[in-house]
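First comes the structure, then the notes that go with it.
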Amino acid sequence: MVERTRARPIASGVISRPKAFVFLGGQLAAGLAVLVQLNPYTIAFCLGSMPLVTIYPFMKRITYWPQLVLGLAFNWGALVGWTAVTGGMNWGVALPLYAAGVSWTLVYDTIYGHQDKRDDVAAGVKSTSLLFGDNTKAILSVFSSTTIGLISVAGYMNGQGLPFYATVLGVGSAHLIWQLRKVNIHNPTSCWKTFKSNTWFGGIILGAVLADMAYNRLYSD
């Protein structure tokens with residue numbers, strides 16, 4: 001058992017598996033209620049994510065790249081969100097945005113995985129944290145650069161302006177650099193705090209979009 005998660009409801013026995021399945025059923029029912037409100041194209045895209053969602057929990061037993069599968073599944077919302085809003089798909093924008101999300105996931109979830117690497121080795125499961133080992137920071141610097149690059153490509157394809165690029169390339173890059181300089185991959189507390197700091201990176205990207213919108217409205221009149 002992973003030491004960090006042994007107090008979670010199912011692992012600790014506070015909640016039984018049958019009760020957990022009942023809760024899961026309620027969550028799925030709520031999701032279905034939302035799904036049927038969407039356009040047919042979006043519904044098809046949502047269903048397309050199911051294989052990834054289904055196989056992800058088993059990936060640590062099979063490959064050293066479960067974080068990649070997580071990224072492919074977790075960031076599917078970038079594609080779904082686009083079709084839900086527009087009723088179609090602009091791959092020129094959505095695909096680099098999706099790929100940026102996958103690359104970003106590899107960054108933050110590899111850092112997250114370093115918390116449990118000793119337990120993972122004992123359990124015989126795999127992760128990019130174990131695969132990258134002491135080269136983690138160097139490799140994640142490549143994925144961080146890829147993330148910034150792909151977000152910039154998506155912005156270019158969507159016609160974003162100077163405020164967007166200034167924020168993404170300046171503030172966004174600085175935050176990812178700060179993460180990799182700060183984190184101690186051999187200290188679980190440091191890994192956890194750095195992992196959580198990625199909420200700030202998401203906020204920076206949102207801020208870049210909002211700043212660009214405000215700039216365009218201000219100077220388009």
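Glycine residues also receive a Cβ, built from the backbone N, Cα and C atoms like all the rest.
What TrEMBL says about this protein:
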type	residues	note
TRANSMEM	20-36	transmembrane segment
TRANSMEM	68-85	transmembrane segment
TRANSMEM	91-108	transmembrane segment
TRANSMEM	138-156	transmembrane segment
TRANSMEM	162-178	transmembrane segment
TRANSMEM	199-218	transmembrane segment
For the transmembrane segment (138-156): best-contacting stretch of 20-36, 68-85, 162-178, 199-218, by Cβ pairs under 8 Å: 162-178
Beyond the flanks of the transmembrane segment (20-36) by at least 6 residues, Cβ under 8 Å: 9-10, 43, 46
Cβ-Cβ under 8 Å with the transmembrane segment (68-85): same-chain residues at least 6 beyond its ends: 38-39, 41-42, 45-46, 48-49, 52-53, 55-56, 59, 93-94, 97-98, 101-106, 109, 128
